[in-house]
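Contents: one structure, followed by commentary.
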């Protein structure tokens, strides 16, 4: 996805430190950042925030973190949080490789990866969010009952992710090869999911856990 640069976005985000972490000021203190101590769920690569804000509105008993590195997109998530008055959703503007700088071991209950960049060239495999170095980070911060939810329209990335997770020692509790035909009605659409689905694209989804989180 090509992101149009917004020169004012960084200053706008910095004006809301109670909602947005720009420079790691809450690193290691995620639980304390929220008003209530509740399970923490993360979406990595939140885009414009439709998925994560909908989840937060539906589940006030869960604390959510939107992690998105593109400042020129994050402001849209911030606008939604403010408009909806969500107190259980915070935003980290940083790269996923920094996850263990923000979260303590076992602090997270669920991680969402929705329509991540597939990085189709083999030489870019290390950038895929289901590459083994990222899986190691997820394993570190997830608690013993924690799980990973993954959605994509990219068949190649889905196949790669199944193999990568299996080789890493994960197991699958749910796999959908055509989500919108199989879904039970609980699926929450992302902005891109609706766009892809309207074009007739098949949506793939899985839920996975680590055999041993630690």
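Glycine is no exception: its Cβ is also placed from the backbone N, Cα and C atoms.
Together with 121, 190, 191, 192, 193, Swiss-Prot lists one candidate of 79, 95, 147, 153 for binding substrate, that being 153.
Least crowded of the binding-site residues (43, 153), judged by neighbouring Cβ atoms within 10 Å of its own Cβ: 153. Of all the binding-site residues listed (68, 191, 193), 191 has the fewest other CB atoms within 10 A of its CB.
Within 10 Å of the Cβ of residue 192 (substrate binding site) there are 19 other Cβ atoms, across all protein chains.
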